[in-house]
Amino acid sequence: MTQTNQDIAVAIETAHSQPSEPESLAAALRAQKIDVELIEPTASFPAVVKLNAADWGNAAAAASAAKWRWAGVWADDCVSELKVYSCLQKNNTYLILQTQLRPGQTGLTSQAPYFWAADRPERHTQDLFGIRFEDHPDPRRWTRHQAWPQGSYPLRKSFPASGLSQAETAPDHEYPFLEANGDSVYQIPVGPVHAGIIEPGHFRFQAIGETVLHLEERLGYVHKGIEKISEGRDPAGLARLAGRVSGDCTVAHAWAACLAMERAAGFEAPPRAAFLRGIMAERERIGNHLWDMAALCNDVGFAFAYYQFGRLRELWLRENQSVFGHRLLMDRIVPGGVISDISSQTNRLMRESVTTIRGEVNELLTILDYNSSLEDRFIGAGMLSVELADALGALGFVGRASGQTFDARAHIPYAPYDSLQVRVPVESQGDVASRFWVRYKELRESFHLIEALLDTMPYGDVSLSWQAPAAGAQGFAAIESWRGEVLCFVRFDGDNAVSRYWPRDPSAVNWPALEKLVLGNIVPDFPVCNKSVNASYSGHDL
Amino acid sequence: MLSLYGKIIKTGMLTEKLLKLPEDQSVIHAGQTLKAVIDKSFQGSVAIRQVDAGSCNGCELEIHALNNVYYDIERYGVHFVASPRHADILMATGPVSRHMEAALRRTYEAMANPKWVIAVGDCGACGGEFGISYASRGAINNIIPVDIVINGCPPAPIDLMRGILNLFSTV
């Protein structure tokens, strides 16, 4: 059947007459007599709904009712005013809510009563900006331990980056943990230094016998002021810093920062650079999934698989080194493109290793399938229900093992994924086994994507020279990392200097899921539950 | 089960001789010194406690790799332990975040004498990309005495190995 011009015209007309998702939300707010201004999306920024500070919570209530996913909040000290943004996502659209606080005005209604995910990010914003979120269900501090005193706010422009005191920093104390009382209930404090080669954080378990009744995370130990020290950097310097928000996610964070900066500056990296970035991102996913699969097996005492997956990961990292010049691919993505090209020889090399490693992974999965002792430990451990994952807005393999379909590569695609079909594996069982299985399926998809990218790689430059953006230019980007969606906001001052950098690692969203999924499990299963989530401490603490 | 054994046999032994890795005579020399020092002074085994004092986790990934089948650092008598009480060496990464300052110091103090400290990575060496700020104290030796530094961002496993060997060549 062929479409006539008239049919097409009707189709376009219908599409135009349907209100967009941001328009629908704006209309819903106006119906409640809320004063809003809708700003259409641009090449550098999604649609924006501007609100009064008093309506900040109401907007979240309406967004929650309309099934938007809450993705992050950040503030920006513009000296004359404090701008506050929160990011929502629905279907194939991002929407930014924006409000501003006048000097001296610090109160804002909270969005946390309507979105679970807003809890800690709002407390982080409170600790670093001094914005008081009224009606917030949890008034405790979060990122602030003792590195700066109560009542001073590091992300205010007036706060010196060097801090207020050079004295030794006391350990954190008097954090009001939830306490459980009752016969046989006891408390297990763990960390910040853990008993392995792992990042630091504190876990407070309430247990009865072997069973976990409650888990409370206390993070912020590796807060190293990333948002503050980004101020004044040039684009290349910001890309390096972004690549170290979370070392295992270096490609995704550097890419997100570069894309946001390129959008702010109003230009696009060449197509070949986008393809190379895509290959690196998929390679990052594969390397990390292989390592996670190794560590998950190790945590339940299955040494065979630990060594086998670890072996494949090492070979993969060595190929990163030989093709791109760095085992973890740090500093390969730069503003305007990537630092080096691949040859037809390295193209062939990567294709061949994909074929080999895919065969090996499939062979290992067959062996794993025959080992019921592994299944005994994985199946039913660390259950995160579909409903809970949805309420939390869980991302990446954590969300996808619990029925969440979102993947920025597929739903809000950016180059090179806008020219590819990305299949998103989704499971609904929500246990450790499911998160292991989703990783395996994601490996397969990444192998396929690398082949597709290598096959269809366009010719041309791999970078463009940087064009300084106008003062005040800002950009927003979302990149699907191996852990899930990475968000990034960048605003420039004059002189090509960054004034505000806000990265949002998916870990910020997924950490609360661990508190939920471990409940009812035995304490000795915590390591494998934790590993199955594998949230980043550094990416969360910033 | 047969397929499991089949895979093991097919994979074979992969641990690489140090000679096969890109290196020079000083590594072989340091390797021999290491083995001699560990055998003599540590009864054949030296224990490392690793502490992340603020790293981006890149260094941790490469320290983990020391235990994979290619490097298998345990064969030289070097192993990682869960408690500072059991450790001869503290291997610390990161610019020291102010929130980890006390924890790093306490871990160091919990170790018995004699003890050595290895600062790993550019951040551990000088604060790296993060430097010193309201939230970061920078280099490890701003907090505790450091015996040797292993540079890199992150250092590759072979560099880590050389660094540990070099520690003993200076002991």
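Quick reminder: no glycine exception, Cβ is built from N, Cα and C everywhere.
Per TrEMBL, the feature Mg(2+) binding site maps to A:GLU227. Residues annotated as Ni(2+) binding site in TrEMBL: A:CYS249. What TrEMBL records for A:CYS249 is Fe cation binding site. Look at TrEMBL and you will find A:80-163 tagged as domain 'NADH:ubiquinone oxidoreductase 30kDa subunit'. The feature domain 'NADH-quinone oxidoreductase subunit D' is assigned by TrEMBL to A:299-463.
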>> Is it possible to get the count of other C-beta atoms within 10 angstroms of the C-beta of A:GLU227 (Mg(2+) binding site)?
In response: 20
>> Per DSSP, what is the helix/strand/coil residue tally across the domain 'NADH:ubiquinone oxidoreductase 30kDa subunit' (A:80-163)?
In response: 14 helix, 24 strand, 46 coil
>> For the C-alpha pair, I'd like the distance in angstrom between A:CYS249 (Ni(2+) binding site) and A:GLU227 (Mg(2+) binding site), rounded off.
In response: 17
> Over the domain 'NADH:ubiquinone oxidoreductase 30kDa subunit' (A:80-163), what does the predicted model average in pLDDT?
Replying inline: 93
> Which number gives the other C-beta atoms within 10 angstroms of the C-beta of A:CYS249 (Ni(2+) binding site), all protein chains shown included?
Replying inline: 35
